[in-house]
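Residues or ranges marked as [4Fe-4S] cluster binding site in TrEMBL: C284, C363, C380, C424. According to TrEMBL, the domain 'DNA primase large subunit C-terminal' annotation covers 275-451. As annotated by TrEMBL, region 'Disordered' applies to 436-477.
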Amino acid sequence: MFNATSRPIVETKPTSRYPYRLNFYDKPPLEDITLDEFELFAIDRLRVLSEIESCHIRNRQPEDTKKTIGDQCKKYLPLAPGSGGIDTDEERRKDHIGHFVLRLAFCQSDDLRRRFVKAESELFRYRYGTDITSDREGFLKFQEFGWTMVQVNQFDDRDTLKKELKGLNANATSWFQVKWTQVPNLVERRRVILRDGWAFVPEKEQSSIIFQEFERRLEAALEETARAIQRFDEDTRLMPILKHLGEGFQSGMSVASEYTAAEGGDAVTADMIDDMAAKHWPMCMRTLHDNLRKDHHLKHFGRQQYGLFLKVVGLSIEEAIMFWRKAFRGRIADDKFNKEYKYNIRHSFGLEGKRTNYPAYTCQRIITQNQPGPQDCHGCPYRHYSPDRLQTALLATYGAQGLKLSDLPEIMNAVKHDHFHVACTKVYEVTHGLPSGTGLDGESVTHPNQYAAKSREMEQGKDGGAVKSEDAMDTTS
């Protein structure tokens with residue numbers, strides 16, 4: 001069928017470790033990696049992938065998604081185009097290592113593999129579209145795709161294939177001959193000509209072949225990784241990190257930084273909490289606060305979740321004791337409070353016991369740990385409430401701040417797909433008069449204190465509570 005003028009794509013073998021910005025991640029990193037690098041490189045990549053997934057669940061427009069990816073990559077995963085240098089090589093090394101760590105974390109279930117492939121493919125598309133043309137062409141020549149380039153004019157005019165090629169795309173003079181199994185999406189859309197198990201793809205569809213090949217290779221690699229990871233020793237230092245990363249992505253969010261109160265910020269006193277809760281608290285903390293005011297008591301996990309949140313908001317130990325003493329008044333006598341509750345408050349501030357200054361709970365921890373029972377009010381309402389109860393509670397809690405019945409379908413759609421942080425982010429946007437997709441400085445909610453701090457900043461018109469980026473995860477919790 002094909003004469004001698006058919007020409008295979010020629011691959012060249014560059015010598016640099018990371019000669020190109022684009023990467024199919026065919027080979028794992030074969031070097032010593034510190035535990036800090038293993039963890040931090042993965043966390044930064046997870047931040048980017050989580051925001052990509054948030055864009056998908058919120059049906060953001062392509063240009064909005066592209067901007068979000070660009071902004072997140074600048075913050076957490078810069079990858080400059082062009083020839084290598086010291087900084088460029090380190091960026092590409094981080095990109096390479098971070099991908100493979102997340103591959104280990106997300107290979108163990110069909111759902112995680114599917115979501116990982118989708119987010120990674122979107123990131124690859126963004127980089128492909130923003131790469132320098134010469135670098136992109138060099139990368140494609142370097143890859144072994146198994147393509148053959150054919151020209152329409154190499155066929156005899158009597159050949160029916162030539163007529164079919166011209167009929168599908170009269171302007172295309174060059175075509176890629178690939179196995180049809182490599183381009184199922186193009187076959188389904190009837191964008192190719194099929195002949196004897198081969199697909200003939202117009203040159204302008206080259207990017208579609210590349211994207212499908214990226215997905216195909218990554219899917220196969222994840223299945224292979226899932227088989228290999230079973231040989232990992234569960235007692236190693238790596239398994240808690242991988243488990244934590246997997247839980248973070250499964251709950252629909254990246255691993256949040258720990259929050260601390262801003263030094264030198266406005267003092268927060270016990271008598272300010274009622275007003276702040278009504279204006280600035282996310283749903284999980286509003287629920288705890290309202291139940292505390294109604295019942296004059298919270299169970300253990302509720303006190304832990306709310307107490308650590310208030311500590312990071314800015315309550316001093318003295319004000320915290322005053323707040324809880326007043327909140328329990330009428331139900332718990334002062335003597336009992338001093339004996340049974342005061343110690344635990346001081347303990348959470350690192351003033352008793354092991355003297356550990358405990359951080360406030362992240363959204364991931366609230367969603368995945370210490371599941372609430374029927375009589376509990378801790379946890380995440382988006383995760384733990386029934387749909388009817390959640391909708392009623394949202395309107396009752398945030399109706400005065402502008403949340404309407406018409407806002408609920410988008411919120412509940414995010415909840416339905418287990419993207420609880422996206423639902424919370426939507427509530428933040430509505431109650432703060434922000435355009436859809438704005439989020440918290442372009443990011444989704446990953447921490448109750450992040451929500452509260454950004455809300456207070458908007459009210460004050462200045463930068464308030466600060467974030468301490470303790471990116472190292474607490475794998476002991």
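Placed from the backbone N, Cα and C atoms, the Cβ positions cover glycine too.
Following the DSSP three-state reduction, the secondary structure of C380 ([4Fe-4S] cluster binding site) is coil. Excluding the listed site residues C284, C363, C380, C424, the same chain places P282, M283, I366, I367, P381, Y382, R383, F420, H421, V445, P448 with Cβ atoms within 8 Å of the centre of the [4Fe-4S] cluster site Cβ atoms. Confidence in the domain 'DNA primase large subunit C-terminal' (275-451), given as mean pLDDT, stands at 94.
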